[in-house]
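If you check TrEMBL, you get these features:
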BINDING   B:Asp34, B:Asp79, B:Asp214  Mg(2+) 3 binding site
BINDING   B:Asp34, B:Thr48, B:Asp79  Mg(2+) 4 binding site
BINDING   B:Thr49, B:Asp50, B:Asp127  Mg(2+) 1 binding site
BINDING   B:Asp50, B:Asp79  Mg(2+) 2 binding site
BINDING   B:His57, B:Glu267, B:Trp316  substrate binding site
BINDING   B:Gly126, B:Asp127, B:Arg152, B:Ser216  ATP binding site
BINDING   B:Asp217  Mg(2+) 5 binding site
DOMAIN    B:32-142  domain 'PurM-like N-terminal'
There are 2 protein chains.
Amino acid sequence: MQGTVGELGEFGLIRELTARVPLTDAVDLGPGDDAAVVKAPDGRVVATTDVLIENRHFRRDWSTAYDVGRKAAAQNLADVAAMGAVPTALLLGLVAPADLPTTWATELMDGLRDECQVAGATVVGGDVVRGDTVTLAITALGDLQGRAAVTRAGAQVGDVVAVTGWLGWSAAGLTVLQRGFRSPRAFVEAHRRPEPPYHAGPAAAELGATSMIDVSDGLVADLGHVARASQVDIDLKAADFDVPAQMADIGQAVGVEPLVWVLSGGEDHAIVATFPRGVQLPARWRVVGEVTGRPRGTRSGRVTVDGAPWDRVGGWDHFAE
Amino acid sequence: MQGTVGELGEFGLIRELTARVPLTDAVDLGPGDDAAVVKAPDGRVVATTDVLIENRHFRRDWSTAYDVGRKAAAQNLADVAAMGAVPTALLLGLVAPADLPTTWATELMDGLRDECQVAGATVVGGDVVRGDTVTLAITALGDLQGRAAVTRAGAQVGDVVAVTGWLGWSAAGLTVLQRGFRSPRAFVEAHRRPEPPYHAGPAAAELGATSMIDVSDGLVADLGHVARASQVDIDLKAADFDVPAQMADIGQAVGVEPLVWVLSGGEDHAIVATFPRGVQLPARWRVVGEVTGRPRGTRSGRVTVDGAPWDRVGGWDHFAE
């Protein structure tokens, strides 16, 4: 394999990348034609796109190409799962400087492939172009298997709020990295490679989730989207969150209250959903709050913690400094 | 509307952009949730992604934001059509510097919207992030309406090669712009805003096209993909191409043989297909060559013009200088 993607050329790079991805039963036509053909047995397809830019969404000195691939795939596949759909396919738009090592691109693809495999999907196509900044544009597709899509807009007053997956681990890991440390490994790893509970999305839909979202910007921020879309208020109970002892230790070491990571940290891609009270939730879901609301017309889409506003390190605005 | 996307912020920008796109019957859930939901009545979905970078694929001083949007949508929607599918939906990943005028982003979206409308699709979602270089990542989806996908791999020895749409107009317009001129307008316009014959893709599939591709890199280069994928040779007849008088005039003025634009110029997104000999083609298709081939094992995937190799200004390699 030649040293850089510039030496390899566009078509050589495409060959290297596409050779690494297996096809699945969901793929009628994989990479190499004008477009891919992916099964959509439900008769609807779920589709979402995210863009990740070097030094903004990832750093090549903090994460391997493989981990960047895992994470880039994860955040898109989690969006599909959070609609209640099963991920089927992923497309990659890759902007690469000519001096990017070919191995970086192929390891990125290995990461995308392996994360897709966890979620039951595969890479079906994409585009590579030359540019100054390594940039990934990922589109994920999914199938609803006959279920109604679970949007952000269906939460009902009286519902419980429940979450599954990791919360605050990525943010704690990022803090550790920002302070120049490489451990504790569990948190650094969580920052480099989130583990969204993909299966929980479709399962929540089956259980009658009234609204659902994946936690990419932070739990309070993302529940804010739900509260506004559903025109309800949401109150979380701080005591109902589990702050791992090791996270508390890091918090003490770096002077951060760990609940801030749990409630405001993004990128773990936990899945949070609202359910009618009384739904029997599987063991790995944790009820952490409830959907409240006041007389119609006065609802504000607010998210509170123990009844009070939560203003600690809010959500992520991609245009903020 | 605030002056720059940085002043407007991520969520403000998303609101501005999504407010501009209409929903269609194919859209079950449009922008604003974790993912969009698009109808895929065929039970399969066609999907393709392209990335466009400022000063590589477009120039803000040569094209308006609106035209960049039209063109970016066109090249993806043409890929869908060239599979024999009807475009249904488009997703936009937009990288924008904080000082990008908000109007540039909204006019871009207007262009995407209007080109989608020509093709019968609409914008269903996307992502906006901040970065140094304006970059567009477009994903287009389409529906095969029960037809088999027409790939690059089905051309048969004895088939005719036929093309519909414009050839060489964009390349001639680019040459004009590169020489510092802004006219003749027809060619400059063709460069700024291609007009792919979207309907011709599904129609060709209905007529029994054995292979099909849209002309993005140049007719000879793109037919090279068909010839290699189908393991056949293709011979074009120079005399069967129509070189408009005005294109010949520009050619003479700038010292370019216009057939070079016709055979090697990309970005018009004409559609070229192979058909069994004897298929009655609609009026706007032009037969320009035939699928040849030699005894199995010696086929080379070559494209010739009047029996001779064509080596004039070949296809486009995105990693070449």
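Including glycine, each Cβ sits where the backbone N, Cα and C put it.
Feature annotations (TrEMBL) mapped to structure.
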residue  : record                 : Cβ neighbours (10 Å)
B:Thr48  : Mg(2+) 4 binding site  : 29
B:Thr49  : Mg(2+) 1 binding site  : 27
B:His57  : substrate binding site : 20
B:Asp79  : Mg(2+) 3 binding site  : 30
B:Gly126 : ATP binding site       : 28
B:Asp127 : Mg(2+) 1 binding site  : 23
B:Asp214 : Mg(2+) 3 binding site  : 32
B:Ser216 : ATP binding site       : 23
B:Asp217 : Mg(2+) 5 binding site  : 21
B:Glu267 : substrate binding site : 23
Field: Neighbourhood of B:Asp50 (Mg(2+) 1 binding site) by C-beta distance under 8 A, where only residues 6 or more apart in the same chain count
entry: B:Ala72, B:Gln75, B:Asn76, B:Asp79, B:Ala137, B:Ile138
Statement: Students should find that the Cα atoms of B:Asp127 (Mg(2+) 1 binding site) and B:Asp34 (Mg(2+) 3 binding site) sit apart, in Å rounded to an integer, by 11
Task: Measure from the CA atom of the residue listed as 'Mg(2+) 5 binding site' to the CA atom of B:Thr48 (Mg(2+) 4 binding site) and give the result in Å, rounded to a whole number.
output: 16
- line: A Cβ under 8 Å from chain A is found, among the binding-site residues B:Asp34, B:Asp217, B:Glu267, for B:Asp34
Field: For the domain 'PurM-like N-terminal' (B:32-142), the number of residues DSSP places in helix, strand and coil
entry: 35 helix, 45 strand, 31 coil
- request: Return the single residue from the binding-site residues list (B:Asp34, B:Arg152) that has the minimum number of other CB atoms within 10 Å.
  value: B:Arg152
Statement: For B:His57 (substrate binding site) and B:Ser216 (ATP binding site), the CA-to-CA distance in whole Å is 12
- line: binding-site residues B:Asp34, B:Thr49, B:Asp214, B:Asp217, B:Glu267 vs B:Gly126 (ATP binding site), shortest C-alpha separation belongs to B:Asp34
Field: Listed binding-site residues B:Asp34, B:Thr49, B:Arg152, filtered to Cα within 10 Å of B:Glu267 (substrate binding site)
entry: none
- request: Pop the Cα-Cα gap between B:Ser216 (ATP binding site) and B:Asp34 (Mg(2+) 3 binding site) into the table, whole Å please.
  value: 32
- prompt: If you measure the residue listed as 'Mg(2+) 5 binding site' to B:Arg152 (ATP binding site) at Cα, how many Å is it?
  reply: 15
